[in-house]
Amino acid sequence: MVETYHQPAPRSAATGLPVSMKIFMYLLTVFLITQMIGSALFAVYLHRRLDKIEDERNLHEDFVFMKTIQRCNTGERSLSLLNCEEIKSQFEGFVKDIMLNKEEKKKENSFEMQKGDQNPQIAAHVISEASSKTTSVLQWAEKGYYTMSNNLVTLENGKQLTVKRQGLYYIYAQVTFCSNREASSQAPFIASLCLKPPNRFERILLRAANTHSSAKPCGQQSIHLGGIFELQPGASVFVNVTDPSQVSHGTGFTSFGLLKL
């Protein structure tokens, strides 16, 4: 007896999705994405449309309200007296609110203007005058890049700044001098910022000194003074130096001023 052996045929390898299925899935994906985008755009359009409808409805209500007021004024019989009185009362309240808002704004603007009038800016900046070579109190002039904000500060006799309003003031001075000129003594050059209160004696607020130099030609040196002080109405401030003949009066060398804080 002869037994025959038959080897089973190998299984075929698994194949992928059919082409038709791939096309279907692709089209389905495109459809879903398109639908999502379309839904989002429609939602935006609907939202804007609803806002526009709401605005139109409000305008229509305002138009109807104004039309009703007009009909009440003309005395049409289609409206009862009670309705007209109620509508007129609402309209009068609306007008009163508008007028109150306008009055409040006017009061605020008036208050700001009064506040500005009560606290005006006070400032002065003057330049040295070359004629002040014989007196220890430096003289000044309203020339060049000077400042005199208003009549609440004045330059009196070309020597002192006088204020007419009480307050805190920043007062400053810059004095430039030629340090190697023949001085009357070997004492240092001293610049003083002085105060003359009304009906009181003068007093020194600030003082600075600088030594002489033997440099040739003229060795220019500058002294700076500055501080914050309380001034009364009618108070005056001025600058005093030990040797006015050494002071340099060129452009920007020597100046004096104040500013109300």
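Heads up, the Cβ atoms here are built off N, Cα and C, so glycines get one too.
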With Cys178 as one half of a disulfide in Swiss-Prot, pick the other half from Cys84, Cys218.
-> Cys218
Enter the number of other CB atoms within 10 angstroms of the CB of Asn240 (N-linked glycosylation site).
-> 19
Collapsed DSSP category at Asn240 (N-linked glycosylation site) | strand
